[in-house]
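Notes for the one structure printed next.
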Amino acid sequence: MDRICMAVAIVPMAKEFGWAPGVQGIIQSAFLWGYIGTTGLGGSLADKYGGKVVMASSIFWFSLASLLLPLALAGPIGKMGWTLPAVLTARAFVGLGEGASMPAMNNLMATRVPPQQRASAIGTAFTGFHSGNLVGLALSPLLLSRFGWRGIFYVFGILGAPLLAAWWTLVPPDTPRTTTSKASSSGMLQSWRKFLSKKATWAIVAANFVNHWSYFILLNWMPSYFVRALGLDLRASSFLSFLPWIVLAVGSTLAGMLADRLVSGGWSRTRVRKVFQSIAFLTPAAALLILANPSISPRAAVTCLTFALGVTSLGQAGFVANMSDVAPTQAGQMFGLCNTFGSFAGILGTATVGFIVEATGSFDPVFKLTSALCVAATVLWNLWCSGEKVFD
């Protein structure tokens with residue numbers, strides 16, 4: 001919710017502060033500036049100290065940063081002309097907190113869930129992840145109409161307090177264990193060099209890069225696309241954007257269950273990972289080419305986006321689960337490494353969209369480029385992916 005709320009708030013904020021699409025793209029990408037800074041270190045910390053503590057720290061930080069964003073724009077900041085730097089800094093701080101959450105989750109999955117149930121567990125966890133997009137898109141326009149765009153950040157930031165209390169109370173404590181993981185930057189880089197010496201890691205890196213490129217483009221720009229390209233109002237845009245995330249949330253759980261069932265039925269994990277990730281890339285590639293039609297109707301656009309995002313959920317049983325396959329005892333660090341590449345793709349893609357739209361007045365080139373990237377990633381994935389343990 002804290003991540004996606006800017007996708008809705010950016011529309012009235014752009015009108016209030018006079019931000020062009022290129023500036024909006026930079027603002028949308030600022031979240032990832034911070035995110036990329038802690039996703040690697042968060043994995044090392046989770047492997048060393050446990051996922052529960054790291055996740056709790058993440059919740060506290062990103063909730064506080066979200067709460068402080070509208071406060072940062074109040075009073076002297078606006079008068080001094082520092083509005084844009086303040087917004088960029090505040091969103092980067094939200095990303096700085098959230099960067100450690102996904103590696104912490106992957107650590108918990110790898111250390112507490114048996115391998116034969118891991119894809120189901122990851123899929124279920126990602127259902128919560130995607131449900132935040134649903135709730136955020138549903139509540140943001142309602143909060144916007146009642147309290148203005150500042151109210152969105154206040155409400156979502158405050159919700160971090162009960163979330164943190166529930167997490168700390170309900171999640172069992174981390175089990176102390178012997179580990180060779182080092183939570184220092186030098187230890188992290190040493191592990192990363194080892195990971196990058198294998199093609200299996202580069203398969204995950206390529207998949208993560210393209211997945212994040214497309215995911216963050218749709219996450220951040222979908223409401224603006226419906227407003228700008230299809231002529232819908234902001235409330236209708238938010239609720240139409242809601243539909244693809246429903247399918248993605250449900251699909252994440254079903255994908256994990258199906259993958260684990262196939263493995264139990266005799267399929268090799270390598271075969272399952274390759275098939276699921278290939279479908280997760282090639283189906284959206286086709287849908288995005290249809291979406292690039294400039295005369296597409298709002299109904300057809302929503303259908304394509306829903307289909308594309310829904311099938312993308314198969315990737316939870318593809319490259320995401322594959323991180324725990326190849327490095328079961330260092331899953332947090334593996335996730336941190338691959339997610340760093342993915343975060344860079346999100347920064348590049350989100351900012352690039354703004355400048356492309358500003359230059360061409362259309363989202364069509366964005367959809368075509370993303371489709372081509374999905375096809376290229378599929379080829380690399382099938383050449384290098386392995387479902388077996390590669391790193392002890």
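Quick reminder: no glycine exception, Cβ is built from N, Cα and C everywhere.
Keep in mind it's a predicted model, so treat the numbers as computed, not measured.
Taken from TrEMBL, the feature domain 'Major facilitator superfamily (MFS) profile' covers 1-389.
What TrEMBL lists as transmembrane segment is 26-46 (among others).
The annotation transmembrane segment is assigned in TrEMBL to 53-74 (among others). Cβ atoms under 8 Å from those of the transmembrane segment (53-74) belong to residues 2, 5, 42, 45-46, 83, 86-87, 89-91, 93-101, 103-105, 107-108, 149-150, 153-154, 156-161, 163-164, 167-168, 171, 174 of the same chain, restricted to positions at least 6 beyond its ends.
Residues annotated as transmembrane segment in TrEMBL: 121-139 (among others).
Only residues 6 or more beyond the boundaries of the transmembrane segment (151-171), in the same chain, are considered here, and those with a CB under 8 A from a CB of the stretch are 1-2, 5, 8-9, 52, 55-56, 59-60, 62-70, 136, 139-140, 143-144. What TrEMBL records for 151-171 (among others) is transmembrane segment.
Sequence annotations record features per position, and here TrEMBL assigns transmembrane segment to 200-222 (among others).
Remote same-chain residues near the transmembrane segment (242-263) are listed as 116-124, 126-127, 129-131, 133-134, 137-138, 218, 222, 269, 272, 276, 302, 305-317, 321 (criterion: CB distance under 8 Å, separation of at least six residues from the stretch ends). The transmembrane segment annotation in TrEMBL covers 242-263 (among others).
Long-range contacts of the transmembrane segment (275-294) within its own chain (CB-CB distance under 8 A, at least 6 residues past either end) are made by residues 207, 210-211, 214, 255, 259, 300-301, 304-305, 307-309, 311-315, 317-319, 322, 362-365, 367-368, 370-372, 374-375, 377-378, 381-382, 385. Marked as transmembrane segment by TrEMBL: 275-294 (among others).
Annotated transmembrane segment per TrEMBL: 300-322 (among others), in sequence order.
TrEMBL lists 334-357 (among others) with the feature transmembrane segment.
Note: the stretches the transmembrane segment (26-46) and the transmembrane segment (334-357) are in contact (3+ CB pairs below 8 A, sequence gap of 6 or more). Residues of the same chain lying 6 or more positions beyond the ends of the transmembrane segment (334-357) and with a Cβ under 8 Å from any Cβ of it are 21-26, 28-29, 32-33, 35-36, 39-44, 99, 102-103, 106-107, 188, 191-192, 195-196, 201, 204-205, 208-217, 220-221, 228, 319, 323-324, 326-327, 363, 365-366, 370, 391. Counting only same-chain residues 6+ beyond the ends of the transmembrane segment (300-322), those with a CB under 8 A from a CB of the stretch are 106, 118-119, 122-123, 126, 130, 200, 203-204, 207-208, 211, 214-215, 218, 222, 225-226, 229-230, 240, 243-245, 247-252, 254-256, 258-260, 272-274, 276-277, 279-281, 283-284, 287-288, 290-291, 338, 381, 385, 387.
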